[in-house]
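The feature domain 'ACT' is assigned by TrEMBL to 37-114, 130-220, 354-431.
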């Protein structure tokens, strides 16, 4: 047999252009009085805008303005950012991280080890199994999901749950309560999947096979994922945008607050051959990430963008083309993009009450909490679960099952039932303070179990690292 020879390829060749033209990152705290300027110059590559925005979002930085340009093979960004309190970025650890991951050596850095964040989800607490669930939402469903896991002695150490337009999407990080490691026994995984499918299947109409296929879907993985982007992808694939936006009805699940409707328009820039997408909506946390993520996953390239806020509103303008170089010419394509962006804006909207709970982590904790919420007539619209050491710190965004605001009698009932076993902080969430694009939502206390303290995932990460 003749000997076959293959050409040799240097595994580092794909990074050659980066080494020849390394990216430049500067953090400027002197040019502006009220914010930090982060400037990024680098070779252009597919997905680079989302990568940069995702890193800033994972750090819980507030982007008040941004100027983006990636024409001609070079990528240039300027971000005006603050921390969650509206101050300049002065923390050395944060600035070093930004310079390392976006700078010349960013391509060879293991970002997961450097700064776990939401990419890991459980702050490096042993191995874990990621469980993805997408289905039709209904009252009490989340309580049933956590109840099944508790019965199987499977502990949820981190999770993100979103609901939109009667759909629910979950990414759960779980571990075996006995071994403290990933659930890798095929029989246990099969039992978990069967039971989860059964309760999801119970949401669909009897005899409707198509509805059943759409409703009951779970998957498992042993790796890492960026939770927020994955939730967008799951709901997008599930077509949660189909009955919202341009065809919005009075359905509270589709649009609980008509005043929060985003206005999305698409025009054409004849001179440069771009489609111009403009989004005007209430300002809120991580708005820039959600829109860029959706455009990227829909295979659109952002060549230029201007991001700004005016009072409580944010205005974002994107000059885009499809990856094949085409603009949005058909009305059908424009309508689909508009609906998808409206859905992306709404998925993270959380107006109403947020319940922040802190307790010692244990199997069944989430099952108990969500059962109490269900029994008190509350619907969970969005939730975040994290574990630091032995402490479970969870945030539930809730409203009355009928869509009305939660009354104080219900809050007091919650305190009596769970206040003796965990710390409870109740806040009223709003769209966000004026002039803070993607800012931390304004909060006014409706009562608190431990003074004026509060926790957010960025703060939790900082505490974990220090």
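Placement of Cβ uses the backbone N, Cα and C atoms for every residue, glycine included.
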Helix, strand and coil totals (DSSP H, G, I; E, B; other) for the domain 'ACT' (37-114): 32 helix, 24 strand, 22 coil
Summary of DSSP states over the domain 'ACT' (354-431), given as helix, strand and coil counts: 22 helix, 35 strand, 21 coil
Model confidence over the domain 'ACT' (37-114), averaged pLDDT: 84
